[in-house]
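> Residues or ranges marked as region 'Disordered' in TrEMBL: 1-32. Per TrEMBL, the feature S-adenosyl-L-methionine binding site maps to 48, 50, 75, 96, 124, 139. Positions annotated as domain 'Ribosomal RNA adenine methylase transferase N-terminal' by TrEMBL: 55-224.
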């Protein structure tokens, strides 16, 4: 057999739905025929095969692979990157959603010494637990870029690094700094959890069929140990701040939806806090506990926190990780939570 195949566990080049049969006529919209392989690539589902061996070799060099490594690859396509990695590592776990490309990959290593080092998982990568791996190297389907990055960064145990191909603009957002045009929630969330470096640009003509956009390769190294922050809390705060990143925080937090969410969370927090307090006080033969005043307004409390922390007139576009850590602490210390 050419590589061990495990059912229904990951994602690759094609999107959901049945695989398309080889085309004998003109290509349908969103699909591009490649006569050499007899495969109709579904470009609408991100099927763009990296064909330039110089780019493949450069990616592998930058990954600094080791003989003992287990490598996770998402979207191996026809195996141009896979085969080169198999020559250098202990094992490659290739995750692909398109059965046709799984077949091509199997045929490519069949009867070679590489076959036993390849494990193929078939299915949607976003809907399954990731296997153990030392590094991730992939030419990702671009439409799963954001959810896959955060699935990676929240994965345990920690992996060493990921070398990933992204759409150019997405890659530049990952590495964007405060005050720059592309700085956004994606930037600060990624940089909270990892060190991110832009490694190289890759032109569209290096792919078959060529995509409509330019690409870039990025290195992501998770911070180990991770910052001592509840990520759901953090992301809740950052999400609100970056909805309109050019607005002052004072204005951003005046939204009715934001106030309703934080009022709900505040009342839950106070209820839990008072339950504990009442028990402790009652054990000391007391029967006193605090209540939220009838005229309480969460909006006033939010604005007070923003002023006391010095962030009322700040804008998310220019705030760094330390700024948001201080702001989150300010809110939490007043019983205001985001998850």
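We number each residue from 1, going along the chain as drawn.
Any Cβ shown, glycine's included, is placed from N, Cα and C.
What TrEMBL says about a protein is an automatic prediction, not a curated fact.
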> Using the structure shown, find which entry in 96, 124 (the binding-site residues) has the sparsest Cβ neighbourhood within 10 Å.
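Each of the binding-site residues 96, 124 was scored by Cβ atoms within 10 Å; lowest is 124.
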> Please give the S-adenosyl-L-methionine site's span as the largest CA-CA distance among 48, 50, 75, 96, 124, 139, to the nearest whole angstrom.
21
> Over the domain 'Ribosomal RNA adenine methylase transferase N-terminal' (55-224), what does the predicted model average in pLDDT?
97
> Validating a neighbour-count step here. Other CB atoms within 10 A of the CB of residue 48 (S-adenosyl-L-methionine binding site): how many?
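Other Cβ atoms within 10 Å of residue 48 (S-adenosyl-L-methionine binding site): 25.
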> Within 10 Å of the Cβ of residue 50 (S-adenosyl-L-methionine binding site), how many other Cβ atoms are there?
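Result for residue 50 (S-adenosyl-L-methionine binding site): 20 neighbouring Cβ atoms inside 10 Å.
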